[in-house]
Amino acid sequence: MQLVVMAAVLAVAGVGQGCRFGCHLTNISFPVDSCGITEFIYTTICAGHCYHEDPVYIGHDDWAEQKICNGDWTYEVKHLQGCPVAVTYPVARNCECTACNAGNTYCGHFHGYIPSCL
């Protein structure tokens, strides 16, 4: 029986080879418009889920620390051909689950759609 369960787990893991749920770097592209020219920028972002377990409620000031997928960011500049105005865009260098900083990040519940594979 254990062999059947292990085979099933390995088969499912193989099916979702491209799926990653943990915090990781992901390549994306998005369009930018400058000088009437539209061009796609290719960059990396942090994506994925961080483990969180709600503890037993004790009081108003005893909330669990929320972890989010974030990392070190830099900014790069791209010049679109035929346009003197440069485009600055963020690039994630690494990602990890860190404490949510409400000063620069929304730490509430995400009400949008979360795809099964990012």
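Just so you know, glycine gets a Cβ as well, placed from its N, Cα and C.
Counting only same-chain residues six or more apart in sequence, the Cβ atoms lying under 8 angstroms from the Cβ of C69 (disulfide bond) belong to C23, H24, C46, A47, G48, H49, C50, C95, E96, C97. Annotation source Swiss-Prot lists disulfide bond at C23-C69 (among others), citing similarity to another entry.
Within 10 Å of the Cβ of C35 (disulfide bond) there are 10 other Cβ atoms, across all protein chains. According to Swiss-Prot, the disulfide bond annotation covers C35-C83 (among others).
Secondary structure at C46 (disulfide bond), taken from DSSP and collapsed to helix, strand or coil, is strand. Take the CB of C46 (disulfide bond) and look out to 10 A: across all protein chains shown you find 21 other CB atoms. The annotation disulfide bond is assigned in Swiss-Prot to C46-C95 (among others).
Summarising the annotation, Swiss-Prot assigns disulfide bond to C50-C97 (among others).
Note on C107 (disulfide bond): other Cβ atoms within 10 Å of its Cβ, all shown chains, come to 13. Under the heading disulfide bond, Swiss-Prot lists C100-C107 (among others), citing similarity to another entry as support.
The N-linked glycosylation site annotation in Swiss-Prot covers N27 and rests on sequence analysis. Following the DSSP three-state reduction, the secondary structure of N27 (N-linked glycosylation site) is strand.
The feature signal peptide is assigned by Swiss-Prot to 1-18.
Ranking the disulfide-bonded residues C50, C83, C95, C100 by other CB atoms within 10 A of the CB puts C83 at the bottom. For C100 (disulfide bond), the spatially nearest entry among the recorded positions N27, C35, C83 is N27, judged by CA separation. Each residue contributes its Cα atom, and for C83 (disulfide bond) and C107 (disulfide bond) these two points are 38 Å apart. Separation of the C-alpha atoms of N27 (N-linked glycosylation site) and C35 (disulfide bond): 26 Å, rounded to the nearest whole number.
Residue environment of C97 (disulfide bond) contains 18 other Cβ atoms, counted within 10 Å of its Cβ in all protein chains.
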